[in-house]
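Below is one structure, written out as structure tokens; comments come after it.
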């Protein structure tokens, strides 16, 4: 077995282990952040500052009975959370998380694969995760799950169109779909960040990413007040945990991608080294998603569709036209 294959396998194992751990810890952070905004304590009983709440939740999920409803399609019911997990982790393959570094005289590239269409690969594979809520809802033999899967189809497909059109303008400026090249394009300094050249694209992509991630205020797929837990209504134990681990893994992936595409990625930020800089940026966008969840109310399905097709889509197309004109001039 070649050294390249061994290195790639090690990277995959590290990526899955790290982001699985981060996904579990993110539940604790989010509960603490929401508690702060709502003037309460959040997790505080299990361990110091409630830090062992993550371990307690993990033990609970692993030991709960795995229930499959009567009349459900067992194979598809089991396959759905696996699709969610695979989609979330495979989409991370082209993301350069840190600058290259040397270990024992061997140069390490902290990404799985530097493919020329890295950004498109990230969006396409991430969008394949739409099959998870669709299949979960169809296989559960539950009306609330079915409504949740129908909402998933409409919401995720609609905003996938917007996010794909939104990234065209920044890609026209850079001239490459590779996330490594996009990061390198912004290596000249603070003023080279694409957020200053494409502010509208940044805002549209950020909003579309929240809709694709099923984050508040766009969490119509599992809106408790209307459809119980949506497509997850009949899930319990480890399968339920897999859905939400995939959601947090996607959140971290989008946070890194937004940091790379619009905020200079892992290029050094003044006196701050590049590796620390990208962690600060990605951490901020994870926190921002939690802040938005604590601040904004849910939107109605009709409001969501109106915003997508009547506001965001025309703005994305306008941004493409204006960017093309500026480049030609």
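Every residue gets a Cβ built from N, Cα and C, even glycine.
Summarising the annotation, Swiss-Prot assigns transmembrane segment to 9-29 (among others).
Among the features that Swiss-Prot reports, transmembrane segment is placed at 42-62 (among others).
Per Swiss-Prot, transmembrane segment is recorded for 75-95 (among others), and the stated evidence type is sequence analysis. Here the transmembrane segment (75-95) has long-range neighbours at 15-16, 19, 68-69, 111-115, 118-119, 121-122, 125-126, 128-129, 131-133, 135-136, 138-140, 178-179, 231, 234-235, 239-240, 242-243, 245-247, 249-250, 253, 256-257, 260, meaning same-chain residues at least 6 beyond its ends whose C-beta is under 8 angstroms from one of its own.
If you look up Swiss-Prot, you'll see 117-137 (among others) marked as transmembrane segment, on the strength of sequence analysis. Counting residues 6+ beyond its ends, the transmembrane segment (117-137) has Cβ neighbours under 8 Å at 76-77, 79-81, 83-84, 87-88, 90-95, 145-150, 152-153, 156-157, 160, 163-164, 167, 171, 177-180, 182, 212, 221, 230-232, 235, 243, 246, 250, 253, 257, 261 in the same chain.
According to Swiss-Prot, the feature transmembrane segment maps to 154-174 (among others), an assignment based on sequence analysis. Within its own chain, the transmembrane segment (154-174) is flanked in space by residues 119, 123, 127, 130, 133, 181-182, 185, 194, 197-198, 200-201, 204-205, 208-209, 211-212, 214, 218, 220-221, 261-262, 301, 304-305, 308-309, 312-313, 316-317, 319-320, 323-324, 327, which lie at least six positions past its ends and keep a Cβ under 8 Å from the stretch.
Here Swiss-Prot flags 188-208 (among others) as transmembrane segment, drawing on sequence analysis.
Here the transmembrane segment (238-258) has Cβ contacts under 8 Å with residues 19-20, 22-24, 26-27, 58, 61-62, 64, 66, 77-78, 81-82, 84-85, 87-89, 91-92, 95, 97, 119, 122, 126, 129, 132, 136, 179, 202, 205-206, 209, 212-215, 232, 278, 281-283, 285-286, 289 of the same chain, all six or more residues outside its ends. Annotation comment: Swiss-Prot describes 238-258 (among others) as transmembrane segment, evidence class sequence analysis.
For 269-291 (among others), the entry in Swiss-Prot reads transmembrane segment, with the evidence type sequence analysis.
The transmembrane segment annotation in Swiss-Prot covers 309-329 (among others). Beyond the transmembrane segment (309-329), the same-chain residues lying 6 or more positions past its ends with a Cβ under 8 Å from any Cβ of the stretch are 158, 161-162, 165-166, 168-169, 172-173, 198, 200-201, 204, 207-208.
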Quiz item: Residues of the same chain, at least six outside the transmembrane segment (42-62), with any C-beta under 8 angstroms of its C-beta?
Solution: 24-25, 27-28, 31-32, 34-36, 237-238, 240-241
